[in-house]
Amino acid sequence: MLPPLPIPPDRPVLIAGPTASGKSALAAEIVGRDGGVVVNADALQVYDCWRILSARPSVAEEAALPHRLYGHVPRRGIYSAGHWLKEVEAVLREGLRPVIVGGTGLYFSSLTNGLADIPHTPPEMRHEADAFLARAGLSAMVADLDPATAGRIDLRNPARVQRAWEVLRATGRGLADWQAATGAPLLPLAETVALVLRPDRDWLAERIDRRFDLMIEAGALEEARVALADWDPALPSSRAIGAPELVAHLKGERTLDEAIAAAKLASRQYAKRQRTWFRNRMRDWREIRLP
């Protein structure tokens, strides 16, 4: 799958693409051929609980090549783009050529464009936001945002809206205002080989469905069962596609076939959002058309 373009062995490589497009295999191929370290840029693959459901590299794959930032955060832990950037900075200091791979666009934009130093909001603000969202709903929370922020974030994403609402309430400044004060990037795009995978939609949909079937065979239901006792849908780790659907099955709320169908649909919808994000935000990246 190596792209038909030169990749200097000492130059950092960035690989972005939608779920199930073959990003990890390409990263491993590059590191296996030229050396370096595979660095995770997927917000769900950082969690220790979802090796199967997040499609993390297998134990054997991680042992065969250097890997960083995979499965090192506990399921109930909070992990942000800021945490990720600090850990990537530490990886860069190791001196190995990084091949940074994943599907979380915010991580890549933070890496190559910089990340605003937005203060953490106190726990009591999170509780206030939770209560407001439950009482008034997402549309009311959106209405409270400043216009600049409302025009920049995904207003259909409750987590993004709530984060912006909390920042505005806690600091008196909108999230967009904080982001305007962004510092220098850790790894400017011009210093990298930046690749974005552009798979055919139908080809990708077939791969998504087939991969989830393989996840079920590999034990995805057992992974979800481990999380069942203290399942909290509000946790960032609970956004792993397939986890809410399988937990619903384990609670008796839907059949296994219904859960699998819902997870496949959620994966295809997520891939569509990723493709849109990459198309709009990664116009300076080199495209690799698939298949």
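Each residue's number is its place along the chain shown, starting with 1.
In case you wondered, yes, glycine gets a Cβ from its N, Cα and C as well.
Lifted from Swiss-Prot, the feature list:
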type: BINDING; residues: GLY17, PRO18, THR19, ALA20, SER21, GLY22, LYS23, SER24; note: ATP binding site
type: BINDING; residues: THR19, ALA20, SER21, GLY22, LYS23, SER24; note: substrate binding site
type: SITE; residues: THR104; note: site 'Interaction with substrate tRNA'
type: SITE; residues: ARG126; note: site 'Interaction with substrate tRNA'
Counting only residues 6+ apart in the same chain, whose Cβ is under 8 Å from the Cβ of GLY17 (ATP binding site)?
-> LYS23, GLY103, VAL196, LEU197, ARG198, PRO199, GLN274, PHE278, ILE288
Name, in the order they occur in the sequence, the residues of the same chain whose CB lies under 8 A from the CB of SER24 (ATP binding site) and which sit 6 or more residues away.
-> VAL38, ALA55, PRO57, VAL101
Taking the centroid of the Cβ atoms of GLY17, PRO18, THR19, ALA20, SER21, GLY22, LYS23, SER24 (ATP site), which other same-chain residues have Cβ within 8 Å of it?
-> GLY103, LEU197, PRO199
From the binding-site residues THR19, SER21, GLY22, pick the residue whose C-alpha lies nearest to the C-alpha of THR104 (site 'Interaction with substrate tRNA').
-> THR19
Given the substrate site residues THR19, ALA20, SER21, GLY22, LYS23, SER24, which other residues of that chain have a Cβ within 8 Å of the mean position of their Cβ atoms, reported in sequence order?
-> GLY17, PRO18, ALA25, ALA55, GLY103, LEU197, ARG207
Row PRO18 (ATP binding site), column other C-beta within 10 angstroms, all chains, value 27
Using a Cβ-Cβ cut-off under 8 angstroms and a sequence gap of six or more, which residues of the chain neighbour THR19 (ATP binding site)?
-> ALA55, GLY103, ILE208, ILE241, SER267, TYR270, ALA271, GLN274
Note down the number of other Cβ atoms within 10 Å of the Cβ of LYS23 (ATP binding site), including every protein chain shown.
-> 23
Among SER21, THR104, the most crowded of the recorded positions [Cβ within 10 Å] = SER21
Return one of helix, strand or coil for LYS23 (ATP binding site), based on DSSP.
-> helix
